[in-house]
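Here is the structure we will look at, set down as structure tokens.
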């Protein structure tokens, strides 16, 4: 009996070691999205749709699945949650570029697979295409741009590459805009400025019409105010002097009558 007990204990230890060293994939649930177990990027285009199917593998019980769009949870129908779940992303637009969809295991949300949309589209340009400014003032031409892949940006003037003057021209570029600043505009700055965006998909352009008008000669307010004050004071002094003169004449007219009465 002692020998049998020893054999049973050794077999139990062996089985315990086997279980401990089994690969995790064989003992825990694994998620797949469209057959992929790792996060991945899905290439797509505007106007298309994408179907994302999440499934749980190696499960020993029914598993609830959750879908998230960025940080917001997606509402799923009751029959679209257990062991397998799908979402359809329809009418994909340029604004969906970079958006992530994540499938998570309900009981352990650290188990997840994410899909990031890579929406490719040619450059889209917009901006205030007509500006009138006074000579000597500053102006900014802002070309709003959206593109994926990112476009190479340039400024043209009257169909030729703009010759930048370091002292007067400044270019600023962000992921969403391409800006040309001109300080102290001059009459030769008149013309059509073109915002050019070149990508591997297409080249687009947007024209900005700049009109430089003569500088308005402002009427100096201070001299006018000073002149009005002088005129006002002159009139006041004139009235005072005239009043004194009238009073003297009245006094002279009054004196002869007084002597006659005596």
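Positions of Cβ are set from backbone N, Cα and C atoms, glycine also.
The following features are taken from Swiss-Prot:
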SIGNAL    1-29  signal peptide
TOPO_DOM  30-220  topological domain 'Extracellular'
DOMAIN    30-114  domain 'Ig-like C2-type 1'
CARBOHYD  58  N-linked glycosylation site
CARBOHYD  83  N-linked glycosylation site
CARBOHYD  118  N-linked glycosylation site
CARBOHYD  158  N-linked glycosylation site
CARBOHYD  190  N-linked glycosylation site
TRANSMEM  221-241  transmembrane segment
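In sequence order, 41, 42, 43, 44, 97, 98, 148 make up the list of same-chain residues 6 or more apart from residue 118 (N-linked glycosylation site) whose Cβ falls under 8 Å from its Cβ.
Assigned with DSSP, the residues of the domain 'Ig-like C2-type 1' (30-114) fall into helix, strand and coil as follows: 6 helix, 46 strand, 33 coil. Counting only the Cα atoms, the space from residue 58 (N-linked glycosylation site) to residue 190 (N-linked glycosylation site) is about 71 angstrom. A straight line from the CA of residue 190 (N-linked glycosylation site) to the CA of residue 83 (N-linked glycosylation site) spans 67 Å.
Taking every protein chain shown into account, 83, 158 are the glycosylation sites, and of these the Cβ with the most other Cβ atoms within 10 Å belongs to 83. Taking CA atoms as the reference points, residue 158 (N-linked glycosylation site) and residue 83 (N-linked glycosylation site) are 63 Å apart.
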